[in-house]
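Asker: My structure is below; once you've seen it, I'll send some questions.
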């Protein structure tokens, strides 16, 4: 993505827009309004127009947005022509699910290797992805791998993150409950499924539709 000073909330919505625009293009649709986008991605149209305004004139009043132009724009903005190579650390139930999934709908993101300590898993392939011993982490991680998915037990998450900090990894998607401390040059996104579920239940009880 281009280094533009846009709000982080906007940046998080860009892949959502891109996915829907891809589907529109595949269906043969030539143009789309902000209202149609709003209905599809469940983001209000005013927010969509504001998000798009950070990138200049992407559409025309009374016409909407040209689908092919948007597709090309977001493809370039999100660096979809560059392959993002990913390593996964922790081949438990969640990690195994990731290996089988391997971002099949996102052709530019690929898990290329996994790490674990289980003798039953080390030396095997899961979903076509080789599983190495965690002791080989620094040796195996090449300069091409800049993103890691962390699905290890929370008790070892920080120590693994410390080791990743000594490699070329610049981004960690953390699925453990641990809140990690790393250097400023590494960006971490925390996804705690238990917290997400608790939040959903709270909203269901306190903000009924």
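Cβ coordinates are placed from backbone N, Cα and C, and glycine is handled just like the others.
These came from Swiss-Prot, pasted as-is:
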DNA_BIND  16-55  DNA-binding region
BINDING   90, 91, 92, 93, 94, 95  NAD(+) binding site
Asker: For the NAD(+) site given as 90, 91, 92, 93, 94, 95, which other residues of the same chain have their Cβ within 8 Å of the site's Cβ centre?
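Answerer: Sorted by sequence, the hits are 96, 97, 98, 116, 151, 152.
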Asker: Mean pLDDT, the DNA-binding region (16-55)?
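Answerer: Across the residues of the DNA-binding region (16-55) the model's pLDDT averages 89 on the 0 to 100 scale.
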Asker: Mind checking which residues reach the DNA-binding region (16-55)? Cβ under 8 Å, same chain, six or more beyond either end.
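Answerer: Counting only partners 6 or more residues beyond its ends, the DNA-binding region (16-55) has Cβ contacts under 8 Å with 4, 6-7, 10, 63-68, 70-71, 73-75, 77-78, 80.
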Asker: Looking at the binding-site residues 90, 92, which sits with the largest number of other Cβ atoms within 10 Å of its Cβ?
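Answerer: Answer returned by the neighbour count: 90.
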Asker: Please list, for the DNA-binding region (16-55), how many residues fall into helix, strand and coil according to DSSP.
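Answerer: Secondary-structure breakdown of the DNA-binding region (16-55): 28 helix, 2 strand, 10 coil.
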Asker: Return the single residue from the binding-site residues list (93, 94) that has the minimum number of other CB atoms within 10 Å.
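Answerer: Checked 93, 94; of these binding-site residues, fewest Cβ neighbours within 10 Å: 93.
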Asker: Tell me, how many other CB atoms lie within 10 A of the CB of residue 95 (NAD(+) binding site), whichever protein chain they belong to?
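Answerer: 23, counting other Cβ atoms within 10 Å of residue 95 (NAD(+) binding site).
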Asker: So if I measure Cβ to Cβ from residue 91 (NAD(+) binding site) and keep only same-chain residues at least 6 apart in sequence, which ones fall under 8 Å?
Answerer: 99, 114, 115, 116, 118, 121, 126, 131, 151
